[in-house]
Amino acid sequence: MNLIKLFIICCLLISITVKSFEIENDIDIDFEFDNSFDQSSSSAGSGSDSYDQDKCKGKPNPYPIFNKEPIFIASTANGKLYKTGDDSNQVSILHLYGEAYEMGYAHGTLLKEQVNELIPKFMEFAEIAIKEFIKTKFALRLPEFLIKLIEEFGVNAALDYVASATEQFTPKRFFNELLGLSDSSGIPYQTLLRMHMFPELVKATCSIVGAWSEATINGGLLQVRALDWGLENPLVNYPTLIVYHPQENDGGEFSILSWTSFIGALTGYSQRTGVCEKVWLSYNGTYTHNGMPFYFILRDILQYDNSIYEALNRIYNTPRTCAVYLGVGSNESNTASLLEVSMDVVRVFDDETPFPGFAPPVPEHPLFKDVVYVDKHSQPSTDPCMANSLSQSWSEITAQTLINTMGQMETGDLHSAVYDFKQNLVYVSVATTNIPFPFTNETLPLVSPAYKNQFIQFNMTKLFSEQPPLPPPNNSSSSDSNSNSNSDSSSSSDSNSNSN
């Protein structure tokens, strides 16, 4: 990989003209980055009077919480698969056990069909999305040589460069997990690796809230993660809650709300800690890819850290890449913190710290006792919606009031989550899942954003205590044989013992 990196840079320096590879595709996407990948230039974020100062643009979520037991689908060596949610809002629940390679192998076995559907669609989408992205003002976040690399050599070359630059800083277990996923699904390892570099190039606008103690109705910690990454992408059809059950002495159980085949943590909860992320659009410092991708740092926080102090120590001492806001909550302290994180900066904000950048807060972002928050716009935001909603429910904040805040703010289009640390519950909503991508002019209006859909309750005590699958009756030594036979048709005894 280092030779690839050196070759690419040398080619750019001597200005060799190479025609970039153009893929054939039938996906027609109208990319409006202000309304999908980046929403910083929305009218609310620019100080427009389109918002009434006492009202929000959206509405509270109208649906009751979906709390039916998950439905068992299949099991294999080191993995179990369930599903939950109604027909238009379904989420897969994937339990993984064992070492990293074994977890990846189980992932690719149980979701082989979905992986082989999603990856080609996503890589085609990524080619279009990144080329469109570098035409926008937000491409200024990328190093100039990387933009030139994309223009001259294509998107895959840029993804390969990022993979090469981050490799030495990334623990091998992540690569081993991808290798297992590749071996069982049949998707080339390099393709899976490229997919995992996409968030290093194109970030999402999101919202983060932490509320605790006097701000919440029961004094417990609640945390919001609203992911705004647009609806015109194939991830919409493949939401997956991945529950990891590491081996003894390798951290604790944790979960990530993700998609089939993506193992990084953009949204995650372990009861010990909860994490979330948002792009730091106003950052004007140094960029680098010589570090560990933020979504792998967040996953390590979930697996290994028990407090905000431990999470901060990890972030401080890990080489970092891009500029993001992070939200970290901790059951140990019953508090949450916001962070500004980049290659050369780590700033920590609590409920008494002026945000962003330690500057005096704008009127639309007042400080609240026992609350930290940042909305989906470029910061400092002049949209009063989130502050108004939080102030109205302060001292009586619940998971439901935060769900309503997301609806009022219209944030969390791809997925939305509320972590309830005291009850050990997670509430999740995803965008409409039963309209197949690519969307047409007729079908796109049918795709509803997550914040408008029904939220699903996940009992994390049950999920984290889920027992591993039963061994196959014949005790075969062949992992391939075990995986294939169990995933295609699980025995009735296995189904009965694993159903909830």
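Positions of Cβ are set from backbone N, Cα and C atoms, glycine also.
Swiss-Prot has this to say about the protein:
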type: COMPBIAS; residues: 475-500; note: compositional bias 'Low complexity'
type: CARBOHYD; residues: Asn284; note: N-linked glycosylation site
type: CARBOHYD; residues: Asn331; note: N-linked glycosylation site
type: CARBOHYD; residues: Asn441; note: N-linked glycosylation site
type: CARBOHYD; residues: Asn459; note: N-linked glycosylation site
type: CARBOHYD; residues: Asn474; note: N-linked glycosylation site
type: CARBOHYD; residues: Asn475; note: N-linked glycosylation site
type: REGION; residues: 464-500; note: region 'Disordered'
type: SIGNAL; residues: 1-20; note: signal peptide
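Features recorded in Swiss-Prot, as mapped to the structure shown.
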{"residue": "Asn284", "record": "N-linked glycosylation site", "DSSP (3 states)": "coil"}
{"residue": "Asn331", "record": "N-linked glycosylation site", "DSSP (3 states)": "coil"}
{"residue": "Asn441", "record": "N-linked glycosylation site", "DSSP (3 states)": "coil"}
{"residue": "Asn459", "record": "N-linked glycosylation site", "DSSP (3 states)": "strand"}
Distance from Asn459 (N-linked glycosylation site) back to Asn331 (N-linked glycosylation site), taken between C-alpha atoms, in Å: 16
Cβ neighbour count within 10 Å of Asn459 (N-linked glycosylation site): 16
Least surrounded among the glycosylation sites, given as Asn331, Asn441, when other CB atoms within 10 Å are counted: Asn441
Whole-number Å value for how far Asn441 (N-linked glycosylation site) lies from Asn459 (N-linked glycosylation site) (Cα to Cα): 38
Distance [Cα-Cα, Å, rounded] between Asn284 (N-linked glycosylation site) and Asn441 (N-linked glycosylation site): 38
